[in-house]
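Asks: Let me begin by handing over the structure; questions about it come next.
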Amino acid sequence: MTSKLTPPPPSRRTQGEHVVEKIVDAGTPQVSAEPTKADLAEPAVVLSGVSKSYPGVKALSDVNFDCRPGEVHALVGENGSGKSTLIKIASGVITHDTGEVTIGGHSLAGGTVRRARKLGLVTAYQDTSLVEELTVADNIALSFNAVGERRPADLDRLLARYDLPFKPTDLVGALGPGARQLLEVARAMSHQPRVLMLDEPTAALDMQYAAHLEGLIRQSRDEGVAIVYVSHRLEEVRRLADRITVLRDGIIQGTYSGRDWKVDDIVELMVGAPTDLEFPTRTKPHTDSNRLEVKDLGGQGYGPVSINVRPGEIVGVAGAEGNGQRALLRGLIGEKRSSGEVLVDGRSVGRGGPAAALDAGISFQSGDRAVESVYGDLSVMENATAQLGPESGPFGLALPGRLREAFGKVSKQLGIVAASPYQPISGLSGGNQQKAVLARPALRRPKVLIVDEPTQGVDARARMDIYRVLSGAADEGMAVLVNSSDSAELAGMCDRVYVMSRGTVVQEIVGPTTETEIVRSFVSAAGVDESHADQVPRDAGLVSRLMTRASSHFPIFVLVILMAIVAGYAGSKSEIFWTWPNLANMLILSLPLAFVALGQQFTMLSRGFDLSIGSTMSLTVVLVSMTLPDLSPGSLLATVPLLLLTAAAIGGFNAILIGWLKINAVVATIATTGIVQGIAIILRPTPSGVIAPDLGTAVSLGVAFVPAPFIVLVVLTIALELWLYRSRMGLAVRGAGFNPEASRRIGRGVGTIRAVGLLVAAFGAVVAGLLLASQTGIGSNAVGATYSLPAFAAVFLGGAVMTGGRGSFVGAVLGAVFLSLLDNVTPLLNIPNATEQVIYGVILLVAVSGYTVAQRIRTRR
Amino acid sequence: MTTGVTGNGPTHMPQPAVQNRLTDLKYRFPARYLASWGALLVLLVFAVVVAPASLGGNSVRVVSALAGILALAAMGQMLVVMLGAIDLSVSAVLAAAAGFVVHYGVPGANLWLVIPAALGVSLVVSVVNGFFICVLRLNSIIVTLSTYGIVTGGMLLWTGVSFSLSGEAPEQLQQVSQWSVLNINTCFLVALIVGLIVAAVLSYTRAGRRVAQVGSNPRAATALGVRVTLVQMSTFAAVGLLYGIAGVFLAGFIGTPDISIGAPYQLATVTAAAIAGLAFSGGPTSVASLLVSCVFLQLLDQALVVAGFSTGARIVIQGFALVVAVAAITISQYGIAGIKRIAALQLGRPVK
């Protein structure tokens, strides 16, 4: 642990070794002394005088920034300094207020993501723009299709070119975070862009992957790509960047060229004042007893691990990304723990999960705030006092006075800055959120405090406060265990550091240490996981692969089997069932439900939901009863445009409510239901009017017992299914359903897809209404209502889900036919209507439970 | 340990105490909870001018009764919405509780047993919903659509359309449910009391506060040691209880209920929650706003009837009222500029 070190990757702590050769004055664009090839070229992307304000905040002011072909231009700054805003403006995700963006000499001029990409600017995002539910190949295709190109034919070669460790057929969701990040960058590179924007590309990568990525970036740069590189890892920036620009509070602080800047100066520019990067001085605890003792703890992704923490001690957990640190911390509070024991002050913690751990005195706080630490909708006070026990009042009460008092005390102590204790925490900066998170143990005073990534997404100034808080907690006698990917932080704060590799502790560093020592210990650890087995899915056997493939069509199999059973049973009990008239009747009656289900399935692919279909069907029947007394050309000429207009009006209205006014789809379509139903009642208060009898006759014509419209239905369904799974647009719709944000980032307008979905749903309901009209023969305002719930049952049986992306048109139609089959056989078998309703519910519940389980097995979650 | 505290985020200016309190109020009663109050105010003006009879004694008695029953059921829906789900089985559960009371509350029966048993039935159904939604993590719309079918069909098989031979709710229950003080019906008073209890539990007890926490971020709640499943299942039990109370009073008020008695409540409870400004993604809510929105919905219907609108026109106007109220909530949250931003985003255009 104290052996000589090889020259370390320079860090903030060893910055003094570097000699400054050339620093350009902050704020002035520099001219390099020896013009290189890159300097002479025309910039590939230029932002000139770009400003952007949000209400109350000036995100960017008068920013001038450019990047030339063949150079890496790094952009650094603290969180909230405007880096992401700059990237998003250049990418066309948001537009600037003033100034101009040109890409390759062409003005972006308020253009879209699509235009930016067409001009040759591609962005790889930190949190990626990949759709996890689709394969690597589909994701690459999505990105190319969005800009109207075909994907490269040979994907294997493409992946090999970037030396990516996975196959085109792998599901992105099965890849580890590092592999996903590599894919995101490689996909951006494969577009052969003029400008490549990389937003924190190494955030999720361990050193080996990071090195691989650096190689790829150099390769692209040498090919003449202009690379804008956003990172907070200054040493990485030093290795890669030809120029570095510092941004603070939306203002460019200066641009340095070359590699010979001083870390101190950059940090000073980022922070705005010389910062005190010193950690609080620690007094070494003198107790030998253990407060936290962990014996042979093991579980998924870690173990067996035995560690201990004494009272008043801060102990760190270090390791390369994905070596079990996160899993160990969660295992300590009883999540996914399979073996071993955790003791607090010698007493064993029960197996009741996090709740039991909390009772035993272990407080766990995560730095992954949005996901597992902060209640975003709740106030900062509510968040800070969430774990406050009996101090908040007797008999399980939470008295507002006591909460305010506790919060006032702790917010002063930790320096939480909020407009009001009642301000929702999501409105605060990362630093203040994290302080509110750490207020919980400060108020509860647990015996053991476990913190995961205490300073993730926290700016430098708030960092110091957080170190002080953790140090203060230890001074009060708590045992503090900290996992951090920032080794400098561990070195500065911890009394001891456990180094993890492959899920086990491989080394324990005692006493004062340095960032370099920690990093070196885990990169040189014998057991370092170099195969990245956790990043890439294992090769599945033939059987399990077949199972996986089959499970996506599981609902269709289930429905076919159910139908066979019901038909077989009905046929054995009733002689009428297999007769042509009965079968023809059943198919005719299934038509309205099938068409309305098709429309519903379409909108549910893009996360739409339309409750108003039933009333739309009613209105259609009413309208048809007014305009179609016969099938004469005159009546048809009036009816067809009227119906198309109706579908467009209802679908468009829904699209406006849901898409623009952002009203919850259920609520919005309840409102539409009322309006449409009301209009139908106004038009036909009581059943009246004649619907062309010929329409009914026309619908029943067909081949053998199969009516012609049913044949149309089958053809249409198959065509839609092929479109969904084989066409580029179908892929785009599924992508937009699975992950709308990712679709937006690659330049695919999700709003349009959703609006089209709602229009199609309304159109399906109108067609269904027309078919229903052929059966009723009279204009009634209530006939459609009974179709709403069965339509949902049909699509859910067919495998559709509310979260979009999944489902199939074949499934939806089979679901509808199956429900019609039940309707058909129950009277034949003398089953009362009520029983049918119960059967309906039970089948829906059981089927959907089964699908969900199959889906979970498939995605191994 | 003594370094001066610094931090980023909004710079904190020392404010006069009054202004501080105003800021607190702004955050404690966000604009989205005020839409229902505004809607009710507008409606009262409309009623006074156009349909004064809707504010007369008899009318108020009916409106308060129906608003009270709606509020009881809507409070159940509200708890479900707090957990981030939607319950479409309300109507069936209401009908089941009403049916149970009618079926067993024959003359001579002990109502002190029958009514708790009816509440028990709806509690069980709701807990089953909760099991599928929270433990098996199925989508709430699918689950409640299924239980809706099963419960409705089951009640039909068991009791028939009118629940019993006479189809009459117990005499005493009818008397209690139709009783009123100063023209305010018992049902409304019960809803007020239950509302106060629900609001107090949600805000002033540690257990109640967990409901909003779990709804807002279940994973965080788990990591922070909240017994999430217990909270969710208890919440669903409370939901069933609220539906049960609503169903029992509905039976009493109507006198001769049938299987379709709950039907209006399936969507009306969701509508009430929407106008009350509740977030359907789960999280905190306002009971007061919900009560007001229930009164608004029932009074609107009554005022439109009194003003002489036809059934169709009434339904259309109610639909538009919902759109306007919910749009107002959205606009209050995002501002006009925000709406334009969202619109641009939806169209794939860059955001202004």
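A Cβ is built for glycine as well, from the same backbone N, Cα and C atoms used for every other residue.
What you see is a predicted model, and the numbers here were worked out from it, not measured in a lab.
In case it helps, TrEMBL gives these features for our protein:
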type: DOMAIN; residues: A:45-274; note: domain 'ABC transporter'
type: DOMAIN; residues: A:277-527; note: domain 'ABC transporter'
type: TRANSMEM; residues: A:554-571; note: transmembrane segment
type: TRANSMEM; residues: A:577-599; note: transmembrane segment
type: TRANSMEM; residues: A:635-658; note: transmembrane segment
type: TRANSMEM; residues: A:665-683; note: transmembrane segment
type: TRANSMEM; residues: A:703-724; note: transmembrane segment
type: TRANSMEM; residues: A:753-773; note: transmembrane segment
type: TRANSMEM; residues: A:785-802; note: transmembrane segment
type: TRANSMEM; residues: A:809-831; note: transmembrane segment
type: TRANSMEM; residues: A:837-854; note: transmembrane segment
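Let's see these features in context: how buried, what's close, how far.
Replies: Sequence-remote contacts of a segment are chain residues at least 6 beyond its ends whose Cβ falls under 8 Å from one of its Cβ atoms, and for the transmembrane segment (A:577-599) they are 567, 570-571, 610, 613, 617, 699-700, 702, 704-707, 709-710, 713, 716-717, 720, 760-765, 767-769, 771-772, 775, 787, 790-791, 794-795, 798, 809, 812-813, 815-817, 819-821, 823-825, 828.
Same-chain residues lying 6+ beyond the ends of the transmembrane segment (A:635-658) with a Cβ under 8 Å from its Cβ atoms: 608, 610, 612, 616, 619-620, 623-624, 627-629, 664-665, 668-669, 671-672, 675-676, 692, 754-755, 758-763, 765-766, 769-770.
Within its own chain, the transmembrane segment (A:665-683) has Cβ neighbours under 8 Å at 607-612, 614-616, 618-619, 621-623, 626, 650, 653-654, 657-658, 779, 781, 785, counting only residues six or more beyond its boundaries.
If one looks beyond the transmembrane segment (A:703-724) by at least 6 residues along the same chain, the residues whose Cβ comes under 8 Å of a Cβ in the stretch are 580-581, 583-584, 587-588, 590-591, 594-595, 598, 602, 605, 730, 733-734, 771, 808-810, 813.
Here the transmembrane segment (A:753-773) has long-range neighbours at 591-600, 602-608, 610, 612-614, 616-621, 624-625, 628, 643-644, 646-648, 650-652, 654-655, 658-659, 691, 695, 699, 709, 732-733, 736, 743, 779, 783-784, 787, meaning same-chain residues at least 6 beyond its ends whose C-beta is under 8 angstroms from one of its own.
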Asks: Would you mind giving the whole-number mean pLDDT across the domain 'ABC transporter' (A:45-274)?
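Replies: A mean pLDDT of 85 is what the predicted model shows over the domain 'ABC transporter' (A:45-274).
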